[in-house]
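**Student:** As listed in TrEMBL for this protein:
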TRANSMEM  35-58  transmembrane segment
TRANSMEM  78-95  transmembrane segment
TRANSMEM  115-135  transmembrane segment
TRANSMEM  244-266  transmembrane segment
TRANSMEM  315-337  transmembrane segment
TRANSMEM  383-406  transmembrane segment
TRANSMEM  850-869  transmembrane segment
TRANSMEM  875-897  transmembrane segment
TRANSMEM  909-927  transmembrane segment
TRANSMEM  933-957  transmembrane segment
TRANSMEM  1103-1122  transmembrane segment
TRANSMEM  1152-1171  transmembrane segment
Amino acid sequence: MKQTPEFRKFWDVGKEVPFIQDEQMPKKLTHCLKWFSCTLVGMLVFVLALLSKTSFLLLITFGNNQTEIVPLDQKPTALLAIGFVLVGPSVLLLLKSTWKFIFKNGNMPSKKTVFWVLCVEILVALGAAVLTIVAMPHFDIVTNVMILNSISILSAFFQVDAEFLGRKRKHLLIPPFFSIFFIVLGYVLFAVNYLVFESSLRVSVGLAMFGTICVSVNWWENYSPLFTILSLKKISKDMVKSSNAVNIISSLTRILITSAVIGAYVALTGDGWKSVKIIFETVVIALVVIQTLSSALCRWFVVVACKMHALRRSFVMPMYFASIIVLAVFLSPLIYSLPLSNNTSITLEKSESSTEWVEVLLTDAIQTLLTRDIVVNMKTEGLVCLGCSALCWWLGLVLSTIYIWFLKIHRIERTQDLFVQRMYEGAFLEQSLMLNTRFEIGKKIKENEVAEPTKKIKVFLCATMWHETYDEMMKIIISMFRLDKYRPKHGKHSDVEFEFHIYFDDAFKDVNNGRGRLTNEYAEILVDVIKEIYIIFSEEDPCVFKEMPSLPSQKIIHTPYGGRLEYTLPNGNVMMVHLKDKQLIRHKKRWSQIMYLYYILGWRLNKQYYENLKAGEEPELIKKKLKSDRENTYILALDGDTDFQPSAVMLLIDRLKIYPEVGAACGRIHPTGTGPVVWYQKFEYAVGHWLQKTAEHVFGCVLCSPGCFSLFRGAALMDDNVMKRYTTKASEASHYIQYDQGEDRWLCTLLLQQGWRVEYNAASDAYTNAPQDFKEFYNQRRRWGPSTMANTIDLLGSGQLTAQRNSSISKLYILYQVISMAASILGPATICLMISGSFVFIFNMEENSALALAIVPPTVYLILCFKLKSDVQITIAAIMSLLYAFLMAGTVLSIIGDLVKQNTFMTPSGLFLIGMVILYLTTAALHPKEFSMVIYGLLYFICVPSGYLLLAIYSIVNMNNVSWGTRESGVQVKTSALDNIKKKFMKATCCRCPCFESEDEMNKEVLQAENTNKTEMLQMTLKIQSANDFAINTHKSVDKQTWIEHLLPKFGFCLTPESELSMDEIDFWIDLQKKYLEPLKENKEQQEKIANDLRELRNKATLVYFFCNALWLVATFFLQAIGEAVYIKIPKIYPNGTYAAKELLSLDPIELMFLLGFAGLLLMQFFAMLYHRIYTLIHFVAYAETEEKAPRKKVAQIVDDNHETSEDDTICFENPYVMTRHITYV
């Protein structure tokens, strides 16, 4: 069915369109950020590599007998320092692996694996020790700089083998083949140089060659798939499974072998032992520290460069040129004609400036070259051999690692997927980092014939709605259409498929005195919004002289739960609006979530495999495919007013795709709205995400992934004790608090207890409306507070079992949560102490009197909360909040005045205030897009008593109120008003004047309508028939025809013929309703029992909660009453560092404990935030890098009658970098 083409009225030149905002980060700013980040990382990698290599080579030269900085009797000191450099990375790896083995993965390797690891590590450790401790101290500085590059020889052989086995792209054989040639040639020239022209150091030359070959075995695992020996393949897999235990074994082996070589070679007797003792008094220890720190930092920044897709400019190029620049630095004394004194040890002792130190060190190092016979006698052939051997080794390293230049990197990579081994080699930093980079080309060629295509990810966006406003609906619908445009269904590189679902609660209303059901005004508003946005996104040219595009046919379907609207969006993705009738199916948010969980993960996902099983497909194959589909099916939970950009979704998808243990990921939620209440929430949300959520992510797991914008993995939701337990109907008082008042937190608790990880991505921004009036805000937090506490107690109660199941949750993290929970419980008492301090500052009151006065108002408010109605409680809280705000403002000014009066800020209160300001300003500066949030910081501070004292009292005392609290009062008034207007209109059409009708009669009719609803509830079971009966009655149902015909004028689209559910799906919905989603029947006795239980639970919780706070206050009171005897005396310190011995500051122990505890908690969160910001920046830069490389094409979607697109006529907007594990050359 095709609509008749229409033209706009030529005179109607104006249009009213909603504001559709694109990505907020400008492209130029993004490009500058990316360029600056990659350049900075590249410079740091280069400088740190220079420091590491230079310091190590200086230690080598100190062991040479021709150098004099370290005297001959102290040469063992230099050799021992070289040993420290060799074992440094092994010690770090031992500590890290031991921690992970104890708290995370404790798998043990097989005996074959242990034997193989011991053999390899003994060989590598022996080769490294012999090369660096025994051989290299005898060579000149030029040889030592370049001989380390020869350790790539075995890797080059493996690469040649890989290309031969691949039998494709034979041109790839050239680099590794020439690498072998140059390295071998370097060996030959090296041997000729020392054995022919000087006839010396034969043993050292042989040991050096032996050592480099042994060290080159270290990276065998990079090429393990090439081995045809089956046992090596099994060993390689076993090493991955038991990596922590393997690393412990290898680290201990390296340490023992290196120690044995030093003990056997260095004569540590007599003066030798004495020289070892004075190592800490020489420049040697400084070089060891510099080398160790610079190597560790360089390796970390190399990982950052790889993850930022800056391999070439920030990793490979700095590594290639490190050896050349180091060699140039050591040869600089020859170029700049520095004084070549032989009395370097005396000069070093007298040197004071760092420049003189550098000159002395370089002059001493060049002595290893100047004392050689080929230099003294100027043997040209020997010098040519020396230079050519150095060049050959450098070219060999470059050619053997040239594959990194063309390495294919996915959007986001794990470190273990980038590098084979967890650590670096201290003596061979740049060589080990490049050779450790995972070799992929040979593997892919070898596995090409059996490789399976990348599994497509299916993301279902599921939004729950109830009575949202027009503007709120507009936000979520625009976001969905924006994502449809961003990722067309028929895009060429579409590895992510989207489907949109909206679950609309209470979408129907009674008409004709309960004899019929029609969609209500909220559902009609949603239909209008969808039509409006559809026209905007499908319209290519808004010219008034152009023919208006015809809208495609869509579907309206009658369903057992109410109705469904099915739209095919302009770019091919499907959107379903599920209109729920609360008389047919259970309403409220959690039950809507259960509805879409079972529909998508139960019915849609399992149906195809069930049919395949009936068709005779093998069960094992079906099981494997189903497992893969579950892991690659994601659900994005949304609220009905969430606004987000496509990039926010993609960043969350990255987390789940690359980390299989992640069950859920959430983004940064921004509250929107205007007014002081919203401003308070903006800073509260900012601080919560900046510090608390990042700390949870870094130290363990995020405890709550908010339901307004969170991505869940299908396999995690379908796991045991998650989705099934989530269907539990509240039957006890505690259930109503934990299950229904904070359903998103409870779902995350179930995921954590089952072993799944929940993460936070700070670059994924989403915006949602926040309560704008004081009453709605308090009611919202009245739900959140007790629910948060209940779920946290549940998680801590099962802490030991959860720590065993969940590798991301350790006992230390459980302890961190216990401390945070205790701080939260003691919040009211802490605020009372702060207020008493305000009284002392402002009114100069006696401390105990101030404390007693501070306790009185909240105590009175607590008593009133038990006696008064909720609305009156909130009104009192609002008035008290204003009074407390004035008091807090005065306190800030008083503290500042006290600091000025005492001429110092080195007081506990001054340090605390200044520290808090600096910490929050620094945190905000690290979030430049959100720095403006600091404007609301002062408002947040003066409202602290309202948010942490009055709100805590209100939440605990009203715990027994389990109503939703938001969107209720205003909506009821609006609905009743609309119903009255419509009833007047209906009666006017029946010749009855509504003007003479009394208000009581109208209210009476409203009550009658409500009674009719209850009667209809009892008759509901008669409406739920068998599948066959439903299928027959859908054609005859008056209700069906009535609500569809009523909605059709608003719908605005032509209907697709034969819009019916399949018989199987009808059966599914009926079974689901019977088992989980039947409307809850009213049982007055049960309701009274639950109400009594809730009051009893409230009383118990209130008693425990405020008893803990009372203990804190009483302890403080008695300590203040005792006075000076228990006070801690602190001398008054002035900013210039001097202190007044006679002027002492008194601090009671509880106050000191509070300050130290709170400051410690904040510092932990601050450092966690720093760590999280770095990895957020890495992810964002990687995203921007891949986005820039993706092809950009315009959207020219042509929609025909069946809404199909033609490839010849359509140019789709595509983003192939997203989620194919997109590959880019960097």
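Cβ coordinates come from backbone N, Cα and C, glycine included.
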**Student:** With pairs fewer than 6 apart in sequence excluded, do the transmembrane segment (115-135) and the transmembrane segment (315-337) have three or more C-beta pairs that lie under 8 Å?
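**Tutor:** Result for the transmembrane segment (315-337) with the transmembrane segment (115-135) is no.
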**Student:** Pairs 6 or more apart in sequence, C-beta under 8 angstroms, 3 or more of them: is that satisfied by the transmembrane segment (875-897) and the transmembrane segment (35-58)?
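**Tutor:** Output no: the transmembrane segment (875-897) is apart from the transmembrane segment (35-58).
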**Student:** So are the transmembrane segment (1152-1171) and the transmembrane segment (383-406) touching or not, going by 3+ C-beta pairs under 8 A with a sequence gap of 6 or more?
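**Tutor:** Touching, no - the transmembrane segment (1152-1171) and the transmembrane segment (383-406) miss the threshold of 3 or more Cβ pairs under 8 Å.
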**Student:** Cβ pairs under 8 Å only, please: of the recorded stretches 78-95, 244-266, 909-927, 1103-1122, which one is richest in them relative to the transmembrane segment (115-135)?
**Tutor:** 244-266
**Student:** So which residues does the transmembrane segment (850-869) touch in its own chain, when a touch means Cβ under 8 Å and the partner is 6 or more beyond its ends?
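**Tutor:** Counting only partners 6 or more residues beyond its ends, the transmembrane segment (850-869) has Cβ contacts under 8 Å with 828, 832-833, 835-840, 843, 876-877, 880, 949-950, 953-954, 957-958, 1106, 1113, 1116-1117, 1120.
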**Student:** List, by number or range, the same-chain residues at least 6 past the transmembrane segment (244-266) whose CB is under 8 A from its CB atoms?
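**Tutor:** Distant Cβ neighbours of the transmembrane segment (244-266) are 76, 79-80, 83, 86-87, 90-91, 93-94, 96-98, 100-101, 104-109, 113-114, 117-118, 121-122, 124-126, 128-130, 133-134, 272, 422.
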**Student:** Give residue numbers and ranges for long-range contacts of the transmembrane segment (78-95): same chain, 6 or more residues beyond its ends, CB-CB under 8 A.
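**Tutor:** Contacts of the transmembrane segment (78-95) (Cβ under 8 Å, skipping residues fewer than 6 from its ends): 56, 59-60, 62-63, 70, 125, 128-129, 132-133, 137, 247-248, 250-252, 254-255, 258-259, 261-262, 265-266, 276, 279, 284-285, 287-288, 291-292, 295-296, 422-427.
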**Student:** Excluding the flanking five residues on each side, which residues at least 6 beyond the ends of the transmembrane segment (933-957) place their CB within less than 8 Å of a CB in that stretch?
**Tutor:** 676, 679-680, 682-684, 686-687, 778, 781-782, 785-786, 827-828, 830-832, 834-835, 858, 861-862, 865-866, 873-874, 877, 880-881, 884-889, 892, 920-921, 924, 927, 1098, 1101-1102, 1105-1106
